[in-house]
Each structure stands twice: as structure tokens, then as C-alpha cells.
Amino acid sequence: MDQRNNLPRLGRLAVLWWCLLGMTVAVAGDGLFEWDRLPAMPDKHGFAGVHAGVLGGDADDASLIVVGGANFPDGLPWEGGRKVYHDGIHVLPLGTRGSWRKWSEPWPEAVGYGMSVNLPDGSCLFMGGKQVDAASGKERALASVHVVRDVDGEIEFTKGPDLPEGRTDGVAVVVGTRVFVFAGVGNPGGDPEAGFEVLQSAVVLDTSVPQDAWKWESVPWPEASAGVPARGRMLPVVGVRGGDVFLIGGRDFADPAVVDEQADERIFDLDFLADGYALDTDRMSWRRIADLPHGLSAAPSTAVQVGATHLAVLGGVPVDFLKEQVAARPEINGQGTAHPGFPADVLVYDTLTDTWASGGVMAKQVGPDHESNPAGSLWAPVTTPVVTWKGQVILPTGEVKPGIRSPQVLIGKPLAQPKHFGWVNWTVVAVYLLGMVGVGYWFMKRESASSTDAYFRGGQRVPWWVAGLSIFATMLSALTFMGIPARAYQTDVTWYIGQLPILIVVPLVVFCYLPFFRKLDLTSAYEYLERRFNVATRVFASLSFVLFHIGRIAIVLYLPALALAAVSDIGVIPSILVIGVLCVIYTVMGGIEAVVWTDAIQALVLMGGAILCFALVVMRLDGGVGEVWTIANSDSKLFENLQWKNFDIADGTTSAVVLFVAFFFNSLVPYTSGQDVVQRYVTTRDLGAARKSLWTTMWMSVFGSMVFFGLGVAIYAFYKTHPAQLDPALPKTDSILPFFIMQQLPVGVSGLIVAAVFAASQSTISSSLNSVATAWIKDFDARLIRPGRSDDTYLRAAKWVVFLIGVLGIGVACIMATSDIESAFKTFNKLIGLTAGALGGLFALGVFTKRANGIGAMIGAVVGFATVLGLYFSGSPVSGLLYAFIGFGCCFVVGYGVSLMTGVDRGRGLSMHG
């Protein structure tokens, strides 16, 4: 059947998908958080300093529990009212949004201003606090600890180990199964008559052991500078990101010795602190972080995780605000019903770039009757805990003006800022994508899809430079365009050492492997394995390749879809569908010639886009390239973390030797055993042209990876110096490049760079689709399932395979879009080793050994594959980057050993030894 008759139908399909792209929109709220109200607490006054948590974790039937707290029920403080501490227990069902229920049984003691955390098992831990001592009438810090559980709908609280000393106005956080408690105040010697003193101490409790074995242990206190302890503090904020805990701000009793330093941050004999510290909870070591823009105290106790790297501090009290209120109402120290309520400003800290920026404001709506009816307004509360449930933030009650509480309960969630791509950018992308379909149509008319030889090998008339660019584009793809800059942005350029093994891999392929592929005139690389060993090794290798590339298609589809979702108002899944369908269309139409020529175009677009993006980043920095270099050096973004005497093989290793070996085999495997790459070797005119194509690929790879790593460092430098321009709600650092593209680049240019992302993706997808079709037809259909059929039969089947594998890859990509993949680039490298390492071992056995045989090769391949699978699913600490090396090595060593025991090879003349 003449494929040209299908053009109108294919064209209409492309237009239909493009229309679907334009019709899809995403809805987002304004600001960093979207706030709503839960039912107000049943006490009209509300409370400050409550214990609070969620019973049941993130379950739909979880409940919010609020215990104790303090208020002024008998009169406001400037009117002589007395602060009262409470022992009530209030519970609110969250999933059903039911009503509050006050528990009939009281808490063991009246308490306020303690520390609260949710434990991983769905229980809560309430610690410390203060109450009025009956004997002295003074406030006494408590050391009591209680575990609270929901047991069949009933509240159960049991006694835990007391804190080492009474502690109140401190903060607590959970890291894994460990509970950390920091700072606060206590009574000297436990005597309420002595008043309060700030604590320069922290403790930790490991809850992974049985409760009767729980024991508090001390944690080092941070240093403000070498040998100088940080000041103790009360009412700071604590946050956690990864394995680090961040202790921020707070206030201390005024220190006369530091009058000059604290003059601007002092009021009421209190110093408001701006310093912050980060604790590495694995090493138990502190580092100082960037100071707050100003001293801050009494904000809701926990900084909220936002996006991939940020912590948000919600509200709080700065000293300048207090001074303004005192100036307005000096007779009552700035208190009074006319008080406007505490500030609603949100500050965000980027834990990656160590910078602070404004995060907008919290929801705050002050009504005209706020003086007489404060409960009728919406406030930014202070002295209240932060509770999380299903990714949402709950602020239960709290103090909204000095001495005035509110029964309000706020619930909010972070929102990414909406980004609009615009019709100009869409036009650029549309022209590019439809242009690729046009290339496929042109090669279809040129009879490039008229036979299996033309469809799979392009009639061996592809120019060497086109083949070289095609290999480069196939191997680098969107995983490089986005993954490497994201890696450099998030960590450093250490992994660039992993790009250098290509200087060894290519000569090895040129002189050792390539002569066999050309001499045997192969279409499928796995034909070599049958001739050298047996049909079983051919089938095993080909099937492994096919399965791997279904996953690879999904990953490479997912990344540009993520890019599009980050820079526009279209969802990830519709993006996957559009990109995938258009790529399938031109691959089905044009065969390998359409693939390699579009690859060559896409390689040039890819590199041009990366270079242009780097140049535009540098132009936006005042110091240009010099500033990038300075920041990279000061923030250890270069090779400072590379370890030359370390041979650590665990995940996250920075060993130079381990990384070099790992990436050597991650490159060797596809260049020697991947049908998508080997197929390019046989599309050129002769062996000399094939060699030239590989030399082209080698130098393009070395230069290209340098550009991509440099781009990531440049973007880091930009947001280090422009922190306010980074969206705190950016969900993954994998999105940093497309976010920068959309936010900073001119209209039209951003469309061009996004087109480069698509170019990188489509080059890999089209290569995978055509090579999978080649492997299936040559190694299964024509060899085992339907041998002896006509060439037209196999050609039609090949096009159906392209279509079906494309649909399957698109489906897997959609599943990935709903899962949590922290770094697609690392995942990709793991998948190479997991499914392909043993393939590289098979080819090395055939090429480099004389005595290897089919039995040994097959057993070696199975052992190599099984070993890697065992490491992966057992949760072994071995880095996934080493899976290719392990699979390769096991296959080669076991295969050769078994061969020595079972006989000589049958593939005479098919190894380097003749």
C-alpha cells in the first residue's frame, strides 16, 4: 500500500493533538499559599501556645487534636486580666470536616507553650510547656512528655520519658524516627521563684525502639563563630529539609555586652535574633546559614516545606513592628484593641542557595469591627504550632494581637505561581514540531520507507557527519539538556568526570567492535551474538534491549513534558501525549533516514539552545562569567567535593575513581550493545565513514557536557544573586532549567529553547522506536515467529511495532508523571545498568575472548542480570551508577569461567583472536 495516501489522515491527527494542547488549562490560586478555614474552636477566646497534632497521620479519617493553651478569659492584660492555663482536649475530624468535640477527660495538667510533633506511626508527642506554680504563683517550666494515640476512636495518652530539664517556648521537629528539641527557657535550678533563663541546649529522642526504652540524649549546640556558642533563644522557628534541621531566629534576654550590635533589634529588654543554623543530623554537626533579613520571634513554630528546596516562615513578630505599635500607644506598651494584628509577611529560605526572599503575605482580612469582634476577622497568628496533614498546613488558634487570641483554625497549601507561555512561543514550538513531521513525510516520499533495508539502514547512504550528530543526539537527549544542569544546580559539577570516559570508549569501539559490525553487514546488533554463540543469547539480548527502551522512551517523554508543565499552563500528561504522538507519526512515516536527519537537526538545535541559554544567563549577572566563577568557587560548585583517595561505592559517592569507572561502563554498554547506537554504524557508506561518525560524537559529547554542567552552575549563580525571582513552590529541581527559560528569557526565545528540549527528547524517542522495531522484526519476527515471509510483510509489521511501542511508552510516561522521581537523570543511569549491563558483557565476551561459548555466555548473562536485580530490590547501599559495571563484570567473569569448563567456542573468526 502506498503510504503517501495516509498523509491527509496523519496530518489531521497531528492537528487534532495540537488543538488538544491549546485547549488544556491549569487552574492555580494567587500567592505562595492558598488558605481556607476549618471550623473555629468552641472557645470564644481562643488560645495561644497550645499543644497540637494530627492523630492518624495522613489518613482520611485522621483528627486534629488541640490540648491546653493559655488566654485571658477574665479581662485583657492592660486591664489587669490574668493569664489562665488550660487542660482541655479538643478534637476535630479532618477528613469529614466535622465539628469540634471537647473530650470529657482533661489533660493531666494545665499547660501552654510546649513543643509538639507528629510521630511516623500516626501518634503525637507533646513535650514540656509551662503552667502557674500553685505554691509560688510564678510560672514553672515543665519537663513532662506524653504520647497521644487514637485507639478505636478513643484518645489514649501515656507517659513518656521526661525532658532532662523543664523547657518551654522551645521548638521540636521529627527527622525519620528521631525527635529533636531545641532552645526555649527554663527555671534556673528548677525553681519558679528564680524566673526564666534561656537554654543553650538541644536533645534528641529515638522513637524507633520500644517506648519503655526511650531515652533523651544531648545534641551539640551551634557556634555563632569558631569557639563562640550561639545565643540561647526562646520562640524561634525550626524546619527540616532532607536530613538537615534549621534553627532560625527567636529572641533572648537583652545582653548588655552586645548593646552596639543589638541596638536596632532590642525592645522590652529583649534581643530579637536574626541568626540561623543548620544541623546535619547524620554527622551531628552544625553550620551557620544566612541571617534573616531582620530579627524575628514567635512565628508559628515550624517552617513549612515548600517546593523542592525552600522553607517558609509564616508571619512572626519583628522588632520594628513592635516599636511602631509602642509609638502609637505608648501608655499601654503598644497593646490594645486598636492593634492592627501581627504582620502576615512570609519569608522563604532556599536551603540550596542559602538565601532569603519574600514569600508574599499570609491570608489576613481585618474587618471594620476588629476591635470589638476580633473573631470576625482573619489574622496571622503567632505562638502557635504548625500541623501538617496531606501536604496541607494547619494553624490552630493562636495569638493575633498582644493578649488577644482567636479561635480561628487556618488550613493552607503551597501553590506554584502560574506561568503563561503565550502564542508567540507556541508558534515557535509548533513550527518546530510540525517541521519534524514534515521531514518524516519528505523521506517517506523519497522511498526511505519502501523496504526493510531502507527503513532500518537507510540504504547505507547516510553521510558520516549526520550519523555522528544522530548518535550524539540519541545518547544525550532531554536527560542531558535538563538533567545535567539540574544536577549541577542542586549539587556541583563532580559528575563531569563521568563524561570523560567517552575519550576511551570511542577508540575502543572504533578499533575493536566496529570492524565486526561492518564486516558481518548486520542490521540487528544481536545477529552477531547468534553467529558467535547461539540463538538463545541473541534472543536474551534483544529482549532485554526492547524492554529497556520501553522504559527509556517513557523517561525521555516525561522530562520534556515536565518542562512544558513548568513553563506553561498545560498539564504534564497532555504534554506527553502531544510530544509522543507527533514523534510516532514522523518515525512511522520516514524510517531510519527520517530519524537520523531529524536527529542531526535536533542535535544542532539542542547545542545551540544550550549555548544561547548559557549566554543569556551570564548577561543577566552583573559580573558576567567572572561572577559565575566566583560563586562556583565560594559555594563549592566545582570539583571541591571530588574524592581522589576515597573508594566509597554507596549511593551519593563522590569518589573520582568510582565515578569514572561507573560512567565508563554506562557509556560502553550502549555504544557496544545498544541497537539504537549500533544501527547508526551500518547506515553509512563504509567502515571509514562509520569511524568518522564516532569521532564526531566523541568531541561533541565532551564539549556538550561541559556546556550543560556550566549552564547549571550559571543558573545557580543567577538565583543566588536574585533569590526573589525563584518560585519557592517549584516542585522539583529537575524543573529549574525550564523555569528559568520561561521566567527570564524574551518571548520567542523561550519558545526556541523549549523547542530545543523537545528536540533532545524526540531524537531519543524516534531512535528507540526505530531500533526496537528493527530488533523485534530481525530477532523475533523474521527469525523465530514468521520466517520466510515477504519484505513487505515485515515492513508493515515494523511500522505497527513503532506505533504500538510508542503507545506503550506514552502510557508508561503518564504513570511516571503521577509518581515521585527525584532525579530522572540518576534514574536513567540506574536503568541502563539494571537492564543492559549484562548485554555489554555478552559482546565483550564475544569480541575479546577466544574460548567463550554459548553456554557460558548465556549463564553469564543471566547471572549478571540477576545480580543487579538482587542489588536493586534488596535495597543494597551500592550506588545505582555501578549497576552497569556490576552486570557487565558478572556476565564476563562468570561467562568466561563457565566456558572454560564446558568447551571451546563455535564462532571461529568472530573474535579479535581470529
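Cβ atoms here come from the backbone N, Cα and C positions, even for glycine.
Among the features that TrEMBL reports, transmembrane segment is placed at 464-484 (among others).
Annotation comment: TrEMBL describes 496-517 (among others) as transmembrane segment.
Residues or ranges marked as transmembrane segment by TrEMBL: 538-559 (among others).
The transmembrane segment annotation in TrEMBL covers 565-588 (among others).
Through the fold, the transmembrane segment (600-619) approaches residues 432, 436, 439, 465-466, 469-470, 472-473, 476, 481, 625, 628, 700, 704, 707-708, 710-711, 714-715, 717-718, 737, 740-741, 744-745, 749, 752-753, 755-757, 759-760, 762-763 of its own chain, all at least 6 residues removed from its boundaries and within a Cβ separation under 8 Å. The annotation transmembrane segment is assigned in TrEMBL to 600-619 (among others).
The feature transmembrane segment is assigned by TrEMBL to 654-673 (among others). Counting residues 6+ beyond its ends, the transmembrane segment (654-673) has Cβ neighbours under 8 Å at 475, 494-495, 497-502, 504-506, 508-509, 513, 525, 541, 545, 641-644, 646-648, 829, 832-833, 836-837, 839-840, 842-844, 879, 881-882, 884-885, 888 in the same chain.
Taken from TrEMBL, the feature transmembrane segment applies to 694-719 (among others).
For 739-760 (among others), the entry in TrEMBL reads transmembrane segment.
According to TrEMBL, the transmembrane segment annotation covers 800-819 (among others). Taking Cβ pairs closer than 8 Å, the transmembrane segment (800-819) reaches residues 546, 549-551, 553-555, 557-558, 561-562, 572-573, 576-577, 580-581, 583-584, 587-588, 765, 768-770, 772-773, 776-777 in its own chain, all 6 or more past its ends.
Annotated transmembrane segment per TrEMBL: 831-848 (among others), in sequence order.
The transmembrane segment feature in TrEMBL is assigned to 855-875 (among others).
Sequence-remote contacts of a segment are chain residues at least 6 beyond its ends whose Cβ falls under 8 Å from one of its Cβ atoms, and for the transmembrane segment (881-904) they are 498, 649, 653, 658-659, 661-666, 668-669, 826, 829-830, 832-834, 836-838, 840-842, 844-845, 849-853, 855-861, 863-865, 867-868, 871-872. Positions annotated as transmembrane segment by TrEMBL: 881-904 (among others).
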Please work out whether the transmembrane segment (496-517) lies in contact with the transmembrane segment (694-719), by counting C-beta pairs under 8 angstroms that are 6 or more apart in sequence and asking whether there are at least 3.
yes
The transmembrane segment (538-559) touching the transmembrane segment (855-875) per 3+ Cβ pairs under 8 Å rule:
yes
Short question: most Cβ pairs under 8 Å with the transmembrane segment (464-484), which of 538-559, 694-719, 739-760?
694-719
